[in-house]
Amino acid sequence: MGSETITQGFKRAPHRSLLYALGLDEKELEKPIIGIASSYSEIIPGHKHLDKIAEAVKYGVYSAGGTPVIFSTIGVCDGIAMGHSGMKYSLASREIIADSVETVVRAHQFDGLVLVPNCDKIVPGMLMAAARLDIPAIVVSGGPMLAGDYQGKSLDLHNVFEAVGEVKAGKITEGELENIEKAACPGCGSCAGMFTANSMNCLTEVLGMALPGNGTIPAVYAERIRLAKKSGRQIINLVEKNIKPSDIMTREAFKNAICVDMALGCSTNTALHLPAIAHEAGLDLELDLFNDISRKVPHICSLTPAGIYHIEDLYRVGGIPAVMKELSEKDLIQLDQLTVTGDTVGTNISRVGYIDHKIIRPVSNPYHNQGGLAVLKGNIAPGGSVVKQAAVADSMMVHRGPARVFKGEEEAVDAIINGQISEGDVVVITYEGPRGGPGMREMLTPTSALAGLGLDDKVALITDGRFSGATRGAAIGHVSPEAASGGPIGIIQDGDIIEIDIPAKSLNVDISEEEFEKRMSNFNPELPDISGYLGRYAKHVSSASTGAVLE
């Protein structure tokens with residue numbers, strides 16, 4: 001065991017002395033020492049209850065014969081960080097989380113690891129650490145928030161963002177907005193739709209790194225506590241059998257994750273995080289693979305913001321195992337992949353009985369014949385760009401319109417709110433990429449403003465930044481290379497005609513080849529003048545097309 005490095009032999013007497021200072025005894029030092037990485041926080045609604053989840057994990061570890069120790073990581077609430085300079089730190093925090101978990105585990109020689117995340121960047125950050133460390137590990141997340149209710153209508157955080165635009169459009173009053181904001185988020189948990197946090201929690205389950213139910217059991221249900229206890233017990237089995245993340249997170253497991261990603265219509269951020277996790281596992285998850293799988297896998301669950309259902313609705317009809325079972329009927333899932341249950345995917349989903357086809361449509365009758373995400377390429381995005389096609393209006397799947405170019409989110413939001421954007425326009429936001437932002441901010445505020453004004457099916461938006469999972473509309477992000485790295489998005493000018501063809505997977509600016517080359521040769525990219533962590537991040541971060549990992 002790794003912990004024997006700090007517990008065994010006379011030379012380790014000083015180490016044992018410090019462990020005794022924790023209240024541990026001789027018997028506890030003979031057992032596997034399990035690190036519990038908790039991202040409990042009083043500023044993140046999705047993490048407010050993780051102290052209770054971590055304690056339940058601790059109980060499970062004890063009951064199975066292990067010695068649990070809890071340690072902490074940081075986290076950022078993307079919703080609170082949205083729309084201001086704080087969002088520059090969100091994606092960048094993913095790397096800090098991965099590094100911090102690695103640091104604590106290696107420094108203290110744990111035998112196994114239970115990861116307790118919940119929200120957007122914490123889940124992938126912890127999975128990156130698990131892949132990097134490659135010791136027995138299991139994830140148990142905090143679970144989704146329940147949907148709110150206002151005047152008999154279910155709602156969630158994305159409704160609040162869009163309501164801001166509705167106030168500006170005169171559709172609702174500020175008093176109504178206040179009522180909506182107080183009703184949308186009724187308690188702890190990750191925001192209730194198929195946004196980034198829930199997307200990643202569901203895909204963690206698909207990858208095999210979490211027990212069935214991890215993605216959909218609501219945060220406030222007692223079943224979530226039982227899942228945490230069970231996860232604590234299961235890590236001891238994984239340690240005893242030496243089942244490691246490298247045994248579970250194989251290329252085929254990632255293909256399963258992308259398959260379910262497409263079926264659910266998950267956040268575009270999955271196209272950043274899955275490649276980043278795979279990178280830590282020594283695997284290359286190219287963007288083209290997302291398109292290859294999307295062409296084969298239909299979109300069978302329409303959850304908010306694309307549809308009307310919430311994660312709790314998916315939970316009630318069997319959750320992720322039921323989705324995988326439905327997909328397996330058409331041989332779209334690799335069933336022989338090992339999971340943290342100790343069983344294969346096939347064994348896990350064999351327990352699924354009746355599937356409610358109101359929430360989970362049959363593969364033969366999907367919402368869309370192709371998956372939820374699409375990767376677009378062209379002269380604007382030779383390295384690729386990503387759109388949640390499941391949340392794009394039919395009228396915007398093919399669009400041609402004049403560019404309205406803005407350097408940074410704030411300029412674009414001001415123009416949208418002040419009525420300077422017309423039907424048919426293509427809003428282009430530059431210098432928001434991983435390096436140019438830096439930090440690749442989410443553009444939820446401008447897309448929500450467009451939706452609130454009733455323009456989400458009339459105006460497109462493209463950017464080298466990214467989008468919240470709560471975004472809907474013709475929002476194309478992750479344009480690579482980014483402007484700060486000399487990408488062609490940086491040469492687009494006001495009035496240029498932008499051609500978007502999502503079915504054809506293309507994104508282009510309609511200018512002559514000679515004009516294109518002239519602009520590129522005269523292009524001098526701007527780099528951010530920033531110090532501190534973001535300054536270091538900007539120097540080392542890779543392209544969005546490779547997961548925005550640090551090089």
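Cβ coordinates come from backbone N, Cα and C, glycine included.
The Mg(2+) site recorded in Swiss-Prot comprises ASP78, ASP120, LYS121 together with one of GLU432, GLU442, GLU482, GLU499, namely GLU442.
Of all the Cβ atoms in the protein chains shown, 30 others lie within 10 Å of the Cβ of CYS191 ([2Fe-2S] cluster binding site).
Report note: the Mg(2+) site is defined by ASP78, ASP120, LYS121, GLU442, and the residues of the same chain whose CB lies within 8 Å of the CB centroid of those residues, excluding them, are VAL76, ALA81, MET87, SER90, LEU91, CYS119, THR196, ALA197, ASN269, SER468.
The least crowded of the binding-site residues ASP78, ASP120, judged by other CB atoms within 10 A of its own CB, is ASP78.
According to DSSP, GLU442 (Mg(2+) binding site) is assigned to a strand segment.
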